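Lifted from Swiss-Prot, the feature list:
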type	residues	note
ACT_SITE	ASP127	active site, proton acceptor
BINDING	GLY10, ARG71, SER72, GLY101, ASP102, GLY103, SER104	ATP binding site
BINDING	ASP102	Mg(2+) binding site
BINDING	THR125, ILE126, ASP127, ARG162, MET169, GLY170, ARG171, GLU223, ARG244, HIS250, VAL251, GLN252, ARG253	substrate binding site
BINDING	ARG154, GLY185, ALA186, GLU187	ADP binding site
Amino acid sequence: MRIGLVCSGGDCAGMNPATKKFVEYSLELGYEPYFIREGLEGLIEGKIEPATLKEVSGILHKGGTILQSSRSKRFFDPAFRLQAYQNLQRHSIEALVTLGGDGSFRAMEVLAKEHSLLYAGIPATIDNDIRASDYALGVDSALNVILESTDRLRDTAESFRRAFVVEVMGRDCGYLALASAIACGAEVCIIPEMGYSLQSLGARLKEELGTGKRRYVLAIVSEGAKASSEVVSWLKEEVGIETRITILGHVQRGGSPSVYDRLMGFRFMQKALDSLSLGKSGVVVLREGRVEFLSSQEASSAPASLPLDMVRLASRLMF
């Protein structure tokens, strides 16, 4: 069987370790691995080629993806999906592994249903917003970037008796903000899934700053909460502390993958290929420490939620 690998949507650390495992394990199973370059746009344009061990040698430490990625509006046009499938047919590719997020998985599901194609989706997004999975590739590496940045900002905040508002990525999911706020010892955490009370937070912070218990404030705000400017104004005008804002942006996606992301890349890919070899299509997920393979329907119907124990840990940072 010939199997293709495509990276779709936003890049993240962990994609390259998964890519290396794709080639090595496919060959071990007796399959022929193929690379699709430049994401779904590359699939439409026919940028498909045989994958070799030489290409994946020495890529474990590299961030992003050696295959390159893209976002493709054209893929939602049936005519372009047919073109993509015909490109797969030219290479006799019977199955696809997709590294990406929910949008990429939905696109693959449509293509698979239209043309009886096997596919396996592997969560790869720093947003960690795949409903059925506790984890997506890139999250741990992104958190390490955030932690390094907040540790540095804390140094300068304490030196000048300032507040820093740090906006982190995550779209509509507050996992990155929640986890990093707990881990870096932030005083404020604002995420889209939870309400917050600046009034009660302000009373506590003013008391601590006024009595000398605290010299600085670190606030972590998820981009999806759309509250960074509000928090900056509140800290300046209500709490009464000089405030700066830092938007970390795409730096969170880059850099060498962490040990955990490398291991999860291997585990996710092995499960994906094992499932395809059994004729199954669906999505690889991590649930309660176990790597599982779910049908697309099971994966999409799972409720969206943050870990309750983490929410409890951070409750003092919101109210």
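Cβ coordinates are placed from backbone N, Cα and C, and glycine is handled just like the others.
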Cα separation, ARG154 (ADP binding site) to GLY101 (ATP binding site) (Å, whole number):
33
Around THR125 (substrate binding site), how many other C-beta atoms are within 10 angstroms of its C-beta?
27
What whole-number Å value do you get for the CA-CA distance of ALA186 (ADP binding site) and the residue listed as 'active site, proton acceptor'?
20
Near GLY10 (ATP binding site), which of the binding-site residues THR125, ARG171, GLY185, VAL251, ARG253 can be found within 10 Å, Cα to Cα?
THR125, ARG253
Return the residue, from the listed binding-site residues SER72, SER104, with the maximum count of other C-beta atoms within 10 angstroms of its C-beta.
SER104
Looking only at C-alpha atoms, tell me how far ARG253 (substrate binding site) is from the residue listed as 'active site, proton acceptor', rounded to the nearest Å.
10
If the ADP site is taken as the center of the Cβ atoms of ARG154, GLY185, ALA186, GLU187, which further residues of that chain fall within 8 Å of it by their Cβ?
THR150, ALA181, CYS184, VAL217, LEU218, ILE220
According to DSSP, collapsed to three classes, what secondary structure does ARG244 (substrate binding site) have?
strand
Distance, GLY185 (ADP binding site) to ARG171 (substrate binding site) (CA atoms, angstrom):
22
Quick one: of the recorded positions THR125, ASP127, GLU187, which has its CA closest to the CA of SER72 (ATP binding site)?
THR125
Measuring Cα to Cα across GLY10, ARG71, SER72, GLY101, ASP102, GLY103, SER104, which the record gives as the ATP binders, how far apart are the two most distant ones in Å?
14
